C-alpha cells in the first residue's frame with residue numbers, strides 16, 4: 001500500500017460534510033487535551049524537559065541515539081518487577097515448581113508487543129493513550145475507562161506499598177509494623193517530586209539504579225540456591241503443566257495479570273513523549289519507533305531474567321516442601337509443626353530464606369523487595385498522573401496532581417495495613433493479581449483500536465500536519481509507520 005492508496009482509503013472511509021472529512025469518531029468533541037493546554041501556556045507536566053536526539057544521519061544504527069532514547073522503556077519495565085510480580089513469581093515457584101515459567105515467558109512477549117503499540121501511539125500522535133481516549137470516546141465510555149484504569153492502579157499500588165512496608169518490617173526485624181511502613185512509604189511522593197525537579201535524565205538514572213539493586217539482590221539468591229538448569233529450561237520452553245490443578249491455574253492467571261498491567265500501557269504511551277522527535281518527519285518517527293522498540297526489548301529482557309531468578313529460587317528450594325522442613329523454632333507461629341504444604345509469600349519467603357540460607361539471604365531479599373516497591377510506587381504515581389490528566393483534563397499544579405493520585409491508592413492500602421496482619425496477605429495479593437487480568441480489556445481495546453483503524457489514526461494525528469501543504473500524503477506515510 002503506497003501513500004496515495006492510503007489517502008484514497010481515508011477518503012473512502014471518511015465521508016465529507018461541507019468539504020471536511022468526518023467519521024464516527026470526529027463527531028465526538030470532548031474537552032481539549034492536556035497537549036493543547038500545554039501549548040496554550042497551561043499547567044506544567046512531566047514533559048517540561050525533552051531529551052534531544054543526536055543527528056547521526058549516515059548511520060543505520062547509532063549507540064548515541066539508542067542512549068538518547070533509553071529511559072522510558074526501563075521506567076515502563078519497573079511495572080514488570082513490582083512486589084505484585086515478585087509475589088506471583090514466588091507463589092508460582094513454590095506451588096508449581098518450574099512448570100509455569102513458559103506462562104511468564106509468553107506473558108512477557110505479549111507485554112512487549114503491547115508496549116510497542118503504546119510507544120508507537122505516543123510517538124506518532126504526540127498524545128498518550130488517555131488523551132486519545134479523551135478525544136475519541138464520548139463521555140460515558142470515557143468515564144468507565146478512567147474508573148477501570150484507576151481501579152487497576154489502586155490494586156497495583158496497594159501491592160507496591162505493602163511490599164515496601166513488608167521489606168521495612170523484615171529489615172527492622174519486626175520493629176516497624178505494617179501500618180508504619182505504609183506511612184513511611186508515603187514519603188516517596190516527595191522523593192519523586194524532589195528528583196523530578198533535578199532533571200529527567202537524573203530521574204531515569206535513579207530508576208536504573210533501583211533495577212540494578214533488584215538484579216543484584218535476586219541474582220544473589222539465585223546463585224545461592226543453585227536451581228536445576230535443565231528443569232528451568234524445560235519449564236520455560238515446554239508449554240505443559242503435568243499434575244496441575246486449580247491452584248496452579250490461579251497462579252497462571254495471576255502471572256498474566258501481574259506481568260501485563262493495563263495502566264502500564266497508558267504509562268508507556270506517555271513516557272515516549274519525553275524525547276524531542278520531529279513528528280512531521282516520517283523518517284524521524286520511524287527511527288524513534290525503532291530505537292524505542294530496541295530499548296523496550298532490552299528492558300523487558302532484564303526484567304524477565306529478574307522474574308526468572310525469583311521463580312527458580314522458590315521452585316528449587318520450596319516446591320513440595322512441608323512446614324516440618326523449615327527448621328526454625330523462633331517462627332513456629334508462621335510455620336506450625338505439621339506436614340502441611342509450606343505456604344510462602346513475600347514476608348514468609350524472606351523468613352524461610354533466612355532459615356535455610358542464613359540471615360544475609362533474608363536481608364538481601366528485603367533490600368530487593370524494597371527497591372522493587374519504591375521504584376514501582378513512583379512509576380505508579382506517574383501512571384495515575386497521566387491517566388487523570390488525560391481523561392479528566394485536570395488543570396492543577398504538579399504537586400496537587402501527584403498528591404491526589406498518591407492519596408487515592410494510599411487510603412485503601414493503609415486500611416488494609418491497619419486491619420490485616422503482615423503474616424496473612426497472600427490471599428489479597430493473589431486476588432489483586434487476578435484483578436489486573438480482569439482489567440486488561442480496558443487497555444487492550446483502546447490501544448488496538450487506535451493503532452489498527454486508519455480513520456481513527458487520521459483523526460487523532462492530523463493536527464501535527466497543519467502547516468504542511470500536502471499534509472494528507474505525509475500523514476499517510478506516518479500512519480503506515482504506526483500500523484506496521
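In case you wondered, yes, glycine gets a Cβ from its N, Cα and C as well.
TrEMBL labels come from automatic prediction, so no person has curated them.
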Inset, instruction - Using TrEMBL as the reference, determine which range in 207-225, 264-282, 321-339 is annotated transmembrane segment. - result: 207-225
Inset, instruction - Tell me which range among 137-161, 237-261 TrEMBL lists as transmembrane segment. - result: 237-261
Legend entry - Distant-in-sequence neighbours of the transmembrane segment (237-261), which means Cβ under 8 A and at least six residues beyond its ends: 79-80, 82, 84-85, 87-89, 91-92, 95-96, 99-100, 102-108, 110-111, 114, 152, 156, 307, 430, 433-440
